[in-house]
Structures are given as structure tokens and as C-alpha cells.
Amino acid sequence: MDEHLTRLLTEFNTFFWNYGLAFLLIGAGLWFTLRTRFVQVSLLGDLVRILGRRTRAASSGLTPFEAFCVSTGARVGVGNIAGIALAVTTGGPGAVFWMWVTALVGAASGFAESTLAQLYKERAANGSGYTGGPAAYIAKGVGSVFWAGAFALLLALSDGLIFNSVLSNTMAIALETTTGAPRWLGGILLALYALWVVRAGAKRLAGFASRIVPFMVAAYLALALGMTALYLERVPDVIRLIFESAFTPEAATGAGLWFVIMTGVRRGLYSHEAGQGTVPNAAAAAECAHPVEQGLVQAAGVYVDTLLVCTATAMIVLLPEGAAASGLTGIELVTRILTDAFGPAGGWAVFVLALFFALTSVIGNFFYSEMSLRVVTKNRTLLFAFRAAVVGMVFLGAQMSLGLVWNLADLFMGLMVLVNVTALLKLSRVVTTLLADYRARRAEAEEPVFSKTRIPEAMRRGVSLWD
């Protein structure tokens, strides 16, 4: 029964993503790129300036940098190693180019959803910090409480429960392979970590992420730079190969260009998450002077995830000539390459960094899910039950076979994308109005300060802050 259902879900998800959501995501990204006049590129200087603000927010909301680290911690996961290595070995070097294109286009959608999350955020029930995200802008901006609740439920099931169980499974297997520890022991250790996560609170989690995420990203990039130094003479050839393979006739047939684009959109979404509706839940928690600021910050997250971390994996795989054709794939291929280059220390470095990637992803997944649930319910019993379920699924996930639940995650995430992108397109005029106000204020002052009185009255519906 499970095998039959898994096969049906696999076939449906393939059709749903390849012939529906892929075009929706690309179309939405292009739409917002044009409507915002390439905001993800034109305001790059502002993006860097805003990220540099690391001071504590006076109202106890997160700083822009903390919100960035929470979302980047969720984005940069084990898939940035295993998934990208798989894409390069199956789609060829040209896959890297199409990942870059997808990131550049997706950054505009990421900007739009995080800007809206800031506009429609509200004070948390305890008066400390903010809540918001897609559930808020769907309920307040679009005016659909039903779809807001549906989105929050899908996010809690996919990110809070299923994705965390998959991460637990991956970490427990890696721990068993590396140290010989039984998977039940790995499950207990991971469940204890999850228990800390669900009890820590938003500010402690954000503080932890702001210390760990920069370190783990820098360490992984350092590994890639080490590989680049070892194979310096190969760098021009690899770069040329990436561009040539993206446009040669071979790349455009069979498992070539079409396969690469579909894989880049579908699996790339797991990585940079633009348009999925997850990242805005962290964006809403930040303290900003203008909603557009957090939109720019989260667009930066797309760049860090794809243009830096994913590219680092691609270079590790492509620099040693013939490594991509070795028959290995995923994290095993990256581990073998780095072990050959740096000895056992290289393999251990992959294990430790993959562990950190997974641990910070658990934080982000829980943060997103609870933030979204808090928009649609203040019921403490329900929220407590959700936290208990997260811990339980982390423990069970370490020991389960996850074929069926992974396909369910694919389905739930696809439905989330459908709901979220539809809402984004409905609210696109709000996004462009906010951006026009930011650009006008930016021309007059160093730090634009937003007030909802500067947007049309019809757009103020549901905006409870920003007086």
C-alpha cells in the first residue's frame, strides 16, 4: 500500500512541479523583476548597508542581521552539498549556470514576499517582538482567513514536522556511518536538541543563529577556496565549461537543458526557498525602519545560498577532472573529493559542516512554522502540542523509512507555493508602491522611515503598525 501510494505521489509531484509550479515560479520572478525595475540588482548597495546593522533592536524585535541568519540557516542545509552535487553529476556543468539564473530571478520574488511580511506584521501576544508572514498578508492583504489558515497548516506539516524528520534521518545515518552510534541514540540526541529549540524562544534562537551561521558558511567557502587553490590552473576551464554546457545542443536535449531547468527550479526551491513562503516568517520578526529593508535583506539570502554556497559545492565537484563521472553522487562524492584533497580531515570537515547545516535548518524550520501558526491561533494548548510533535518527529525520523513522507513534503510544499505566489501576484501593486516610497525617501535621507499614511488608503487595510 505504501509503495503504491509513494509511486502515485511521485508521479503526481513530477507533473505538478515540472508542468505547473516551475512556470509559475519563473513567471512570478520575472514579473517582480520587471515590476520592481530589477530591485535585486539596482539596490545592491543598500542591501549591503542594511545587513551591516547588527545593533539590538529597541523594541526587542530581531535585528535585520539576526533575521537574515535565521533564514540563511534554514536555507543553507545538507541539500546545498548533496543536492547540488547530484544536479552537477546528472545535469552536467551547465546546471550551475541555470541555478544562477534561477537565483537572480527568484531574488525578486523573495524581495516581494519579505517586504509584504514586514508591512502586515503585528505585535506578538506577549508584547515582545513580532509575528507575521504569508499567513498574515494572505489574511489581511488578500482578505482570506481560510487560505491563511491553510497555508499555516501546510507549513507546520511540511517544515515543522516532515522536513525536520528528514533532517533527523540524514543526521542519524551520518552519525551511524561515521561513529558507529546506533540510530536510536542519534534520535535521542537530536530530540534533546529539538527540545532546546522549541523552548528557547525567538530571540535566543536568532542570537544562536547569528553566531553559528556566519561561521559555518565561511568555513564551507574556505574549503572551496582551498580546493580552488589546489586546482588553480583548472579554474578558467571549469568556468568556460559551465557557460558552454548551458547552451550547447547537448545541454538542450534529453537530460540536458530542460532537465536542468526543472531540477534547478524544483530542488533549487528547497535551497533558496524564494516564493515558497517560508522566509517571510523570519522577515516579519525583524525591526526595520521601512518594509523594503527586510525585502532587500532576504533577497541577499538567495544570493548567499545559491551564488556562494551552491557554487562552492559545484566548484568542489568540477575542479578535479573526471570526479563528476566517478559513479559517486551527492554528499558521498563531495566527501570523497575532499578526502582525496585534504586527507581524513577533509571528510570530517564535510561531516561536521553538514551537521551544522542540518542543526541550523531545524531552527529555521521550527521558527517558520511556529511564527505562521501564531498568526492564525493564540491557543497555547495547540502550540504546545505542535512543539511536542516537532520533538517526537525528530526522534522518530531518525529511525523511519521516509520515502512516503518525503513525497508528502513535496506535495505540501507545492501547495504552499501555489497559495503564496497567488497571494504575491494579487498584492504586487502594494509591493511596487512600497518600493516607490522607499526610493523616494532614499533620495532624501540616509535612512528611509516608513509611515502607512504615505500609501493609498485602500492599501492600508489590515496594516496594524507603521503609524
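Positions of Cβ are set from backbone N, Cα and C atoms, glycine also.
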Q: Give the range, chosen from 95-113, 380-398, that TrEMBL lists as transmembrane segment.
A: 380-398
Q | Contacting positions for the transmembrane segment (404-425) when only residues 6+ beyond its ends and CB under 8 Å are counted | A | 2, 5-6, 9-10, 12-13, 16-17, 21, 24-25, 28, 31-32, 109, 112-113, 116, 134, 137-138, 141-142, 147, 150-151, 154-155, 157-158, 162-163, 165-166, 269-270, 275-278, 431
Q) Taking pairs 6 or more apart in sequence, does the count of Cβ pairs under 8 Å between the transmembrane segment (145-163) and the transmembrane segment (212-232) hit 3 or more? A) no
Q) Between the transmembrane segment (380-398) and the transmembrane segment (212-232), are there at least three Cβ pairs closer than 8 Å, leaving out pairs fewer than 6 positions apart? A) no
Q.
Do any residues, 6 or more residues outside the transmembrane segment (183-200), come within under 8 Å Cβ-to-Cβ of it, and if so which ones?
A. 164, 168, 171-173, 175-176, 208, 359, 362-363, 366, 370, 387, 390-392, 394-399
Q. Which residues, given as numbers and ranges, are at least 6 beyond the ends of the transmembrane segment (212-232) yet have a Cβ under 8 Å from it?
A. 69, 72-73, 76, 304, 308-309, 312-313, 315-316, 319-320, 337-338, 341-342, 346, 349, 353, 356-357, 359-360
